[in-house]
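J.: Structure incoming, see below.
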Amino acid sequence: MGKEQELLEAARTGHLPAVEKLLSGKRLSSGFGGGGGGGSGGGGGGSGGGGGGLGSSSHPLSSLLSMWRGPNVNCVDSTGYTPLHHAALNGHKDVVEVLLRNDALTNVADSKGCYPLHLAAWKGDAQIVRLLIHQGPSHTRVNEQNNDNETALHCAAQYGHTEVVKVLLEELTDPTMRNNKFETPLDLAALYGRLEVVKMLLNAHPNLLSCNTKKHTPLHLAARNGHKAVVQVLLDAGMDSNYQTEMGSALHEAALFGKTDVVQILLAAGTDVNIKDNHGLTALDTVRELPSQKSQQIAALIEDHMTGKRSTKEVDKTPPPQPPLISSMDSISQKSQGDVEKAVTELIIDFDANAEEEGPYEALYNAISCHSLDSMASGRSSDQDSTNKEAEAAGVKPAGVRPRERPPPPAKPPPDEEEEDHIDKKYFPLTASEVLSMRPRIHGSAAREEDEHPYELLLTAETKKVVLVDGKTKDHRRSSSSRSQDSAEGQDGQVPEQFSGLLHGSSPVCEVGQDPFQLLCTAGQSHPDGSPQQGACHKASMQLEETGVHAPGASQPSALDQSKRVGYLTGLPTTNSRSHPETLTHTASPHPGGAEEGDRSGARSRAPPTSKPKAELKLSRSLSKSDSDLLTCSPTEDATMGSRSESLSNCSIGKKRLEKSPSFASEWDEIEKIMSSIGEGIDFSQERQKISGLRTLEQSVGEWLESIGLQQYESKLLLNGFDDVHFLGSNVMEEQDLRDIGISDPQHRRKLLQAARSLPKVKALGYDGNSPPSVPSWLDSLGLQDYVHSFLSSGYSSIDTVKNLWELELVNVLKVQLLGHRKRIIASLADRPYEEPPQKPPRFSQLRCQDLLSQTSSPLSQNDSCTGRSADLLLPPGDTGRRRHDSLHDPAAPSRAERFRIQEEHREAKLTLRPPSLAAPYAPVQSWQHQPEKLIFESCGYEANYLGSMLIKDLRGTESTQDACAKMRKSTEHMKKIPTIILSITYKGVKFIDASNKNVIAEHEIRNISCAAQDPEDLCTFAYITKDLQTSHHYCHVFSTVDVNLTYEIILTLGQAFEVAYQLALQAQKSRATGASAAEMIETKSSKPVPKPRVGVRKSALEPPDMDQDAQSHASVSWVVDPKPDSKRSLSTN
């Protein structure tokens, strides 16, 4: 490996003579080999033949020749980089040519799935891109995708490399391909303001304007970041300004992010100001109560437009006179000012020392850098450019910036936690833009004006998406339960026209009551940990007593230590990077596939502060494509606030210390005035709300209700056990609970639930891997010490016995009569979330299978058709008003006490499922998504778009499914609004629930479902076929989701539902005295094997292998209800 290591190093550093020398040994070796052929054949002459003859009979010479053999030109280092990767990334054109002449392959991917073409496109070197495409022994595939499903065109478009984009378009690169975040190259160019690239893509492919998703459009992305020219070009090209996504129209995005100029452009283009987002808010509603000056100006613009006036209040193009930044800091001590001047000087010295560096990849050129590029951070120039833009927003023209030949990649916006932790807002109210704005006064050099400064709002809190769940993150912008539920009241039960296709193959559905569903959260489903909902963000009663220490994320240190705090108070410089504006360091990931999963999901964390000489400190940024994470979500996303609230509680010491300062609130006001005056539109209200979470936890329930203006409900909450603010989180207090305790106003219920989302969730029992040592300590952690005696006297003396509790025992045995206390207990049981009717049946291990399976083959609603209820035991609580106490009043249903007695007498083994790889021979995964109990007693809810249904005249297995997917997808491309439904999956079938009013639309029995498959052209689209028992016709129902992982999980959950039904049937048949002669056969055919999408999967890995056209070669996955457990037969009901 010695010579190969030398070749890698020479290619990386561009040492052409070394590369040629090393590869000449390879040619020499090949010459000896050729002569050997002649010598061994007896006809070779000359030295070559002689050498070959000796080599064939002499082992020592053979060994000598092997020493002369050159290195493998396609060798790789620890990151999977070949010499060609290194040369392409670092722009060494001559080295690339030599490598290609020596048979270097262009189709070798590194560990992140990147090909040399990706790196050259990202670098912006059009010459190397041409070489890779047209030269070499292998044919470069221009549409090859990396692990993030990005093509070379994505890389070039994101960073504005117009020459590379031109070359790739000439080579017929597909511009409609989407990465893992469903972004096309046009989306990325619009997101980062790459105007020329946007024009080139639209000129080459005008149809890109119609290739939009419900998640975003190029217009939304450009409006969000204030790219005026890009917005204008898109509108001129014919993009619909009223196109709606989850966030509403582009006007919502521009207004929310304070882009006044874009708002004016959109209003002039005739954008409908009455469009509402998924929360039912118009753009005007979104900004009306925001406290920043810019938000008020935007609200005035929209109001003037609505009243038909031509704005006389139009925002003045020239910002109001700004006080000098030095004078704006009069409230800071002289010592602090001295520290700031010192920090500014050192920062500028550091900038000047690096002014000659070429771009954001300079660290990759250094000969001393390691081969593993994961650890490399880039330098200064990109951040310098972006901070120059921010300085412009402050009305100051930054100077000393040298022009660049190619546009730099956009600066990665600093996450809010980092910004607020690095610069204590009380004692260092300077942003990076303010620091740089002092530079002209120090250097006196000419300034450079730029047109746009789109990233000014990215310093505000909550502009990024933080997902703190596992790698299979489902990017649901909002949970279904967060939607407005007013429309659920008084529904007439009629099925909307757009859902009529779902009735094919559906069981009869009785009218559902007025109460909406509270759908179960699926085990694999996650919710973004962003900011609280808009309604909770705008409470005017939020006070200004928060601390200057920003609440850190879960992955960051919880509070500043005392030494750092002393440093702030005394004005003494500290070496910790948090106390200096120049150390805004971000996670580095140096190539297009370089972001790790945590980085991609937005859960960025800063490296632990290190003490370095200040001369070594640099503004660093991530080179990963994932810096768009901060730009793809707004501050109004639903929040899962548990971890954030927990970290807030850790800041109480720092809070108390800083609140002792008498000028604390006034200085916050001063800081907000400064930020507002420089036109950055920074909204501090959300940060204050997060910090105020600490104060909220110290309030009583009455004080908390008073803070949200609902103090009239204090007695109702207290009398029903909702008596502690620490235990009012979203996993305890739900809408049905508020109905039950007498809060009838839906607006008030929604307001209460929104406010409760900012409270911490009840921690699940054993959430940290350690169960409480005793029942008393567990109850004490829940604030329920009064029940200790009741638990112990009733035999619940260990944590294991507590885990087997259900609500019936809490009421009848333990006498926990208060609803809030019961909800608190059940919420702490991690494996059984309380989103079920009050009469929860025992866990599956406590129930005999045959007691359930008498209704397996019955229609889903058959047993309850006369009572007007659905037969699903555990659909969520909102469906029929808690089922009017369900089985307790159903004479046909056995009581839980009786079933528990049967279980004690005849204990059954817990249901065991075959793994997917055994249940389906071609399944690529090894485990199911859920516990069997989830599909038996509960339901798995998924949100999806319903594209429609199609009659299948000639059933050809999954081929019919895939054909229907393609046809329905094309037919709905131009639909402005696609209906949203919720799929509620159990072992009995699938229920379809209208997401807008939570009414059940249709039910498909498990026995009537077959041929579930993904669309091979769009893995977010899937479908299955049902059989209409009345007409014997087959219908294919087509759905789409916003995430490939979610689509995969839905199909896998359907497969698990078949497996559960199959195993239940087997156990029921075993338990009968006389076995049944035969059981009904159920078959479902999944798609061709679709490997589980991962961050590390390229598109080529997602493409199914070619197979024959028989049933098994279609990867049929059959869950067979058969008396023989080992039966391999598969009878189709089609």
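Our numbering is plain: 1 for the first residue shown, then up by one each step along the chain.
In case you wondered, yes, glycine gets a Cβ from its N, Cα and C as well.
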J.: In Swiss-Prot, which of these is labelled phosphoserine: S634, S661?
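T.: Record lookup in Swiss-Prot returns phosphoserine for S661.
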J.: Of the residues S333, S487, S647, S1130, give the one that Swiss-Prot describes as phosphoserine.
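T.: Record says S647.
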J.: Could you let me know which of S62, S327, S506, S677 shows up in Swiss-Prot as phosphoserine?
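T.: When Swiss-Prot is consulted, phosphoserine appears for S677.
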J.: Swiss-Prot tags one of S626, S643, S774, S1113 as phosphoserine; which one?
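T.: That would be S626, per the phosphoserine annotation in Swiss-Prot.
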J.: Can you tell me which of these residues Swiss-Prot lists as phosphoserine: S56, S292, S526, S887?
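T.: Checking Swiss-Prot against S56, S292, S526, S887, the phosphoserine entry points to S887.
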J.: Could you let me know which of S249, S628, S794 shows up in Swiss-Prot as phosphoserine?
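T.: When Swiss-Prot is consulted, phosphoserine appears for S628.
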J.: So how many of the residues in the domain 'SAM 1' (696-762) end up helix, strand or coil by DSSP?
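T.: Tallying H, G and I as helix, E and B as strand, the rest coil: 38 helix, 0 strand, 29 coil.
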J.: Quick one: average pLDDT across the repeat 'ANK 4' (181-210), no decimals.
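T.: It averages 91.
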J.: When DSSP states are grouped into helix, strand and coil, how many residues of the repeat 'ANK 4' (181-210) land in each?
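T.: Within the repeat 'ANK 4' (181-210) the tally stands at 22 helix, 0 strand, 8 coil.
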J.: How do the residues of the domain 'SAM 2' (770-837) split into helix, strand and coil according to DSSP?
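T.: Secondary-structure breakdown of the domain 'SAM 2' (770-837): 35 helix, 0 strand, 33 coil.
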